[in-house]
Amino acid sequence: MRHPRHLSAAGLVLAVGGAVVLGPTVCAASPASATTVTSVAAAKPKPPATPRLPVPKATVPPELSIGGPRLATIGTVTDLPAGVPAPPKLNNVAWLLADLDTGEVIAAKAPHARLLPASTLKTLTALTLIPSVEPDRKIKATAADANADGTRVGLVPGLDYTGRQLFEALLMSSGNDAAYALAESAGGRGATLAAMNARARELGAHDTVAKDPSGLDAPGQTSSAYDLALIGRAALKLPDFRRYVTTKQAPFPGRVNPKTKKRASYVINNHNKLLYNYDGTIGVKNGYTVAAHRTFISAVTRGGKTYLLTEMYGLDGSWRPQAAMYDWAFRYGHLARPVGTLVEPGTVTTPPKPTTSPPADAPAANARVMPQDQATRATAAAAALPGGIGQHASAPWVGVGTLAVIAGLLLWLASRAASARRRHRAHH
């Protein structure tokens with residue numbers, strides 16, 4: 001008969017070995033019980049999982065947060081007196097609600113998370129170009145303009161359009177072809193992007209980097225809910241811009257009829273659903289790409305009060321969540337204490353810099369990067385999603401390392417058990 005200690009060691013080997021083999025399995029079951037579980041699962045399939053929002057990465061330390069230290073959060077921030085309910089939830093990674101006139105931020109979630117802006121960036125394009133591109137200027141469309149990726153209004157190469165028509169196509173119908181035609185008329189895409197980024201710096205929008213005037217996803221292109229609020233607020237001060245974003249329908253010139261030699265026209269519509277469904281809406285611009293998800297700048301005026309709402313990486317295409325947020329704002333916004341401010345143009349033209357020295361153990365800028373540092377950076381890079389969203393997942397080699405440790409433990413225990421059996425036989 002085996003010694004109890006030998007049985008215990010052998011049993012431990014089998015138990016741990018079974019855990020290694022059955023790692024992903026929830027529990028062991030007899031064939032009968034397994035069949036029963038399968039049968040129940042087949043009879044009652046699980047409903048599809050609700051899409052989950054990724055968690056944004058921390059952005060800047062509170063002391064470097066433009067608009068106030070409380071806006072450095074990656075969660076939701078409010079300062080409400082007793083009896084005032086929390087604002088309704090929005091199914092977005094980041095959002096910000098502010099008083100358009102005072103610039104007071106009354107609620108926000110991850111407002112400085114750097115994300116893809118999609119077509120909300122067209123607001124910055126218009127803000128930059130409206131002062132220099134006259135409404136009556138004739139602009140000839142090119143083949144490059146007409147062949148733009150994504151949403152197009154339908155420019156015809158070689159035909160002329162006015163600045164007004166192109167701005168309407170840009171802001172109402174989100175025409176990428178219109179964005180490129182306007183950019184070319186203002187000195188080319190490169191010059192337009194340089195002007196857009198300079199305008200963003202002037203506004204204090206230091207989370208924003210424009211790489212494509214249409215807002216189509218481009219490497220390095222980012223913005224934030226806070227920056228979109230700065231951009232939207234500045235744009236709404238331009239009468240022409242406000243007129244464009246509140247127009248629901250407009251005629252747009254088409255091709256030339258070869259028989260009559262006259263240009264046909266068709267109607268373009270504003271893509272902002274809130275404009276049709278919520279009284280007092282004064283804009284501004286929606287956006288969408290597969291990577292950016294839904295983005296939105298909106299503003300509503302009622303009773304002499306105007307609120308501005310910006311959203312990024314949204315999963316809900318309905319206008320109703322925004323309406324609920326504005327209902328809350330007009331009922332409780334005057335009671336909420338501000339958690340930050342929208343800085344005024346020209347006041348923060350360079351991003352704040354750290355005032356403290358790096359910790360003593362921080363590597364120098366010219367220090368040699370050791371292999372473990374490279375692995376750490378690779379892990380961090382692998383865990384980052386486009387637009388600055390962090391993905392909380394273990395690196396694949398973590399599970400492999402764990403299995404290796406368990407395997408070593410098994411070999412050591414087996415060796416101990418074998419040695420004990422040999423000693424036991426030697427003594428008998």
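Each residue, glycine too, has its Cβ placed from N, Cα and C.
What TrEMBL lists as signal peptide is 1-28.
Annotated active site, proton acceptor per TrEMBL: LYS122, in sequence order. There are 28 other CB atoms within 10 A of the CB of LYS122 (active site, proton acceptor), with all protein chains counted.
Residues annotated as active site in TrEMBL: SER174. Mapped onto three states, the DSSP output places SER174 (active site) in coil.
When secondary structure is read from DSSP and collapsed to three states, LYS285 (substrate binding site) falls in the strand class. Taking a C-beta cut-off of under 8 Å and a sequence gap of six or more, LYS285 (substrate binding site) has these contacts in its own chain: SER119, THR120, LYS122, THR123, LEU171, SER174, GLY232, VAL245, ASN272, PHE296, ILE297. Residues or ranges marked as substrate binding site by TrEMBL: LYS285.
Taken from TrEMBL, the feature region 'Disordered' applies to 344-375.
The compositional bias 'Pro residues' annotation in TrEMBL covers 351-361.
For 395-415, the entry in TrEMBL reads transmembrane segment.
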